[in-house]
Amino acid sequence: MRLTFRSAVTGLVLATLTFAAVQISDAADSPNPPADLKAFQKYFTDKFPKLKLKDFVNGPYSMDAGLYKQWKEKEEFPPYEFALAAGKELFNKPFKNGKTFADCFPNKGIGIRQNYPTFDKKQGKVVTLELAVNQCLENNGEKPFSYTKDEMASVTAYMAFTSRGKPFNIKIPNDPRALAAYENGKRYFYTRRGQLNFSCATCHVQIPGDHIRAEVLAPALGILNAMPIYRSEWAGMGTTSRRFTSCNSQVRAVPLTPQDDEYRDLEYYLSYVSNGLPISGPGARP
Amino acid sequence: MASTIRVRATSSGDTTEVQALIQHPMDSGFVKNSAGELIPPHFIQQLTFEYGGKPVFIADWGPAVSKDPYVKFSFKGGKKGGDLKISWLDNKGASDSFTAKIQ
């Protein structure tokens with residue numbers, strides 16, 4: 001009994017040490033996103049030496065052989081198909097003023113998912129794809145979508161689908177506000193909160209591949225590449241906003257409003273450190 | 001409006017393997033919405049697969065089947081290029097059908 005206990009403790013200490021290594025390199029004197037990215041990706045490739053970098057975008061499926069098999073079968077008949085069809089229809093449907101989503105986005109909105117979130121110098125803030133979709137609607141006198149599911153998830157699912165395979169290409173422009181947003185997102189990611197005292201990193205950096213009850217935790221690397229996702233748990237589609245708010249409630253913290261500054265900054269940081277990994281959205285998750 | 005039915009039927013030799021995904025809320029009638037009111041039951045009662053005018057698979061469903069149900073089965077006698085007709089009928093009288101070519 002004591003032996004088991006001790007080995008458990010050693011395991012925990014080791015995990016904490018490796019975890020700390022990521023943070024120390026992160027906590028250099030001045031913010032250095034490229035160094036963060038390198039350290040972040042190295043941490044995961046060292047932790048899972050058998051996985052190729054692009055495998056990380058498949059979250060829990062890359063971690064567990066049984067789940068992988070189930071997923072391969074599911075991919076022949078993906079549960080997000082209906083959302084994809086609905087999204088394509090919504091995307092091409094003209095607004096009341098005759099314009100469409102294509103008029104709001106570069107390259108008519110096709111194959112651009114990998115560039116979002118982006119730092120908008122005019123607005124002085126991080127603009128996520130979801131925010132851009134709603135800004136497009138509002139600028140054209142339409143009612144904005146709910147940030148968490150339904151139409152928003154369908155439209156972003158379609159947009160992500162047209163970007164499949166393209167590597168994440170998040171840029172941090174030479175603007176102190178952009179760097180501040182990045183740093184703020186990073187801080188949010190590593191800050192513990194809620195009754196359970198978990199940070200985002202607790203589950204998705206420290207112990208990905210392990211189980212929480214029957215769920216296999218996804219690695220933080222590549223986690224946003226699959227957004228939006230169909231979750232069997234939700235019996236439907238959800239956006240990055242939905243994932244963030246539900247993560248916060250699961251650790252018994254009070255979730256922020258979807259597309260809050262902090263959430264957008266978090267998405268900015270988390271997307272940036274996954275630069276180079278391909279878009280795999282829309283994804284399916286247990 | 002796109003069809004609520006997605007089908008993939010592949011024939012290999014004498015058996016045809018069919019996979020289908022149907023978009024339907026499948027409300028059981030026992031679940032409450034966020035305002036605390038019961039969501040009225042709304043579920044598929046019968047699902048039929050027909051080949052050559054004859055049913056090859058009939059499912060009598062009830063409220064226990066989950067949302068956007070998925071079905072997989074195989075039958076003998078299907079030929080490549082043949083028509084497989086799928087239809088469903090729910091408790092509110094709504095229905096949909098779709099004809100797929102066997103590949």
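Glycine too: its Cβ is placed from the backbone N, Cα and C atoms.
TrEMBL lists A:1-27 with the feature signal peptide.
A:CYS136 (heme c 1 binding site) has a Cβ environment of 21 other Cβ atoms inside 10 Å. A:CYS136 (heme c 1 binding site) falls within a helical segment according to DSSP. The heme c 1 binding site annotation in TrEMBL covers A:CYS104, A:CYS136.
Among the features that TrEMBL reports, domain 'Cytochrome c' is placed at A:180-286.
Look at TrEMBL and you will find A:CYS200, A:CYS203, A:HIS204, A:CYS247 tagged as heme c 2 binding site. Secondary structure from DSSP puts A:CYS200 (heme c 2 binding site) in a helix. Taking all protein chains in view, 22 other C-beta atoms sit within 10 angstroms of the C-beta of A:CYS200 (heme c 2 binding site).
Long-range neighbours of A:ARG243 (substrate binding site) (same chain, six or more residues apart, CB within less than 8 Å of its CB): A:MET227, A:ILE229. The substrate binding site annotation in TrEMBL covers A:ARG243.
Counting only same-chain residues at least 6 apart in sequence, those with a Cβ under 8 Å from the Cβ of A:CYS247 (heme c 2 binding site) are A:CYS200, A:CYS203. TrEMBL lists A:CYS247 with the feature active site, cysteine persulfide intermediate.
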Cβ-based isolation winner (fewest other Cβ atoms within 10 Å) among the binding-site residues A:CYS104, A:CYS203: A:CYS104
A:HIS204 (heme c 2 binding site) and A:CYS136 (heme c 1 binding site), Cα-Cα, nearest whole angstrom: 33
Cβ-Cβ distance under 8 Å to A:HIS204 (heme c 2 binding site), same chain, at least six residues away: A:LEU217, A:ALA218, A:PRO219, A:ALA220, A:ILE223
Residues within 8 Å of the A:CYS200, A:CYS203, A:HIS204, A:CYS247 Cβ centre (excluding the heme c 2 site residues themselves): A:PHE198, A:SER199, A:ALA201, A:THR202, A:VAL205, A:LEU217, A:ALA220, A:VAL251
Rounded mean pLDDT for the residues that make up the domain 'Cytochrome c' (A:180-286): 92
